[in-house]
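Q: One structure is given below, represented as C-alpha cells, and several questions about it will come after.
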Amino acid sequence: MGIKQLYQVISENAPDAIKAGDIKNHFGRKVAIDASMSIYSFLIAVRSEGQQLMSDTGETTSHLMGMFYRTLRMVDNGIKPLYVFDGAPPKLKSGELAKRTARKTEATEAHEEAKETGTAEDVEKFSRRTVRVTREHNAECKKLLKLMGIPYIDAPTEAEAQCAVLARAGKVYAAASEDMDTLCFEAPILLRHLTFSEQRKEPIQEIHLSRALEGLDMDRAKFIDLCILLGCDYLEPIPKVGPNTALKLIRDHGSLEKVVEYIQNDPKKKYVIPEDWPYQDARELFLHPDVRDANDPECDFKWEAPDIEGLVEFLVKDKGFNEDRVRNGAARLQKNLKTAQQSRLEGFFKPVARSDEEKATLKRKHDEKLQEQKKRKKEEAKAKKEAKARPRGAG
C-alpha cells in the first residue's frame, strides 16, 4: 500500500522533485528493485476474463512471465537490476496484514458471486483484489533470476528499506518500487513504473527525496510524521484527515506529538484518533528499520551469464513457455549484460550542490506556482458557485 496520496502531496508542493522520463534514460545504472511489489504487479496483470496465465498443468505462470520479460526489458535498455525480497514483516504490520487478508477473503467470495451474476468488469475487479504473493511465487522467481544470471538478496524485513540502504551507500543508483514509503526509509532516489509493461506506456517517475524535502520545507523527521498522518502500512489512518489537512497539521504543529495533543484538546472533536494508534512505534520503524549494512557479505551481488539450457528446462519443459522466445530472450540477456558494463559519463563527475541563490530562486518559483494554483482553484470554485446560483434556462 505505501503512503496514501504522498505522490499527490509531492507533485503539488514540490514539483521539482519529480522527473518523468523514458526507460532508456537509465542506461548503465544499477537499480535495487522491490521484488514482492513487482511480483504482485505481474500477478494482477491478468487477462480481461480475470484469469491468471497458466501452464498446461494448471499452475500460475503470470509471475514468471512478468519477471522474465520485464527484467529482459530493463537489461535491453542497459539497466542492471538487483531484486530485493521481503523478509518477515515487522510486528506492527501484522494488524494491517490481517485486514488485507480479510479483504482478500471478502473479495474471493465477491469474485465467485460476480462470476455467477456480475458483469465482466465486476469479475476482473474482484479477481485483482484476491491476488496475493505466496512463498511459492517468491521461490520460483528466485530460481528464475538465478538461471537468468540476475542477482537477488533477501531483506531481514521490508524490501524497500533494504533497497534504500543500498542506494544511500551508492551500491545502486536508486530504489525501484511502487510503494512511496520507500522515501520514508531515506532512499535518495525512488523510481516508479520501472517494472511496468511497455504496452502501458507509463513514463518512469524519478523522485528525489532531497528536492521533495526542500519543496515541502521539511526535515526528514517532519516528513516521516507527515507520511504517518497521511496513512501508512503500520497504522490505521485518522478518519477525515486527507492530504491537505495532514500537510496543514504538520506545518502548523511541527510534530505528531503536537498534532495528537491538538486533536485531543479540540473542543469541536473534528478528528478522532483510532484507539490503538502507536505512531511512535511506526516512526521508529521508518527511522531505524531492521536492515543489513550495505557492506554485509549478504549484500554482495554480481551479474552473471545466463544458464540458457537451465532456462529452457525450467520455463519451456516445466512451465510450457515458447522455446524460441526463451532462447531469444537468453541470447539478449547475454549480449546486453555485457553492454550494460559501459559506465555512464555522469559517474566520472560529482554533482554540484545548489547555491543558496539557486535554492532561493527555486523556492520563489515554487511559491509563485503554488499561489497561481490556489488562485485558479478559487476562481474555479467561484465560477461553479455562480453557475449553481444561476436560474435554470438563464444564459
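Please read every residue number as a count from 1 along the shown chain.
Note that Cβ sites are derived from N, Cα and C of the backbone, with glycine treated the same way.
Note that the coordinates shown come from a computational prediction; the quantities given were computed from them, not determined experimentally.
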Q: Per Swiss-Prot, which of ASP225, ASP233, ASP252, ASP266 sits in the Mg(2+) 2 site along with ASP179, ASP181?
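A: Among the candidates, Swiss-Prot records only ASP233 at this Mg(2+) 2 site.
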Q: Of the residues ASP16, ASP76, ASP86, ASP217, only one is listed by Swiss-Prot in the Mg(2+) 1 site with ASP34, GLU158, GLU160. Which is it?
A: ASP86
Q: Between ASP181 (Mg(2+) 2 binding site) and ASP86 (Mg(2+) 1 binding site), what C-alpha distance do you get in Å?
A: 14
Q: Given the binding-site residues ASP34, ASP181, ASP233, and counting only Cβ atoms in the protein chains shown, which has the most within 10 Å of its Cβ?
A: ASP34
Q: What same-chain residues, at least 6 away in sequence, bring their CB to under 8 Å of the CB of GLU160 (Mg(2+) 1 binding site)?
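A: Spatial neighbours, sequence-distant, of GLU160 (Mg(2+) 1 binding site): ASP34, MET37, ALA175, SER177, ASP179, ASP181, THR182, PHE185, ALA187.
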Q: Which residues in the same chain, at least 6 apart in sequence, have a Cβ under 8 Å from the Cβ of ASP86 (Mg(2+) 1 binding site)?
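A: Result: ALA35, SER36, ALA155, THR157, GLU158, ALA159.
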Q: Using DSSP, how many residues of the region 'I-domain' (122-253) fall into helix, strand and coil, respectively?
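A: Its residues divide into 68 helix, 15 strand, 49 coil.
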Q: Per 10 Å Cβ neighbour count, which of the binding-site residues GLU158, ASP179 ranks highest?
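A: Output for this query is GLU158.
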Q: Using the Cβ centroid of ASP34, ASP86, GLU158, GLU160 as the reference point for the Mg(2+) 1 site, which residues of the same chain not in that list have Cβ within 8 Å?
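A: Near the Mg(2+) 1 site, beyond ASP34, ASP86, GLU158, GLU160, sit SER36, MET37, VAL84, ALA155, THR157, ALA159, ALA161, GLN162, CYS163, SER177, ASP179, THR182.
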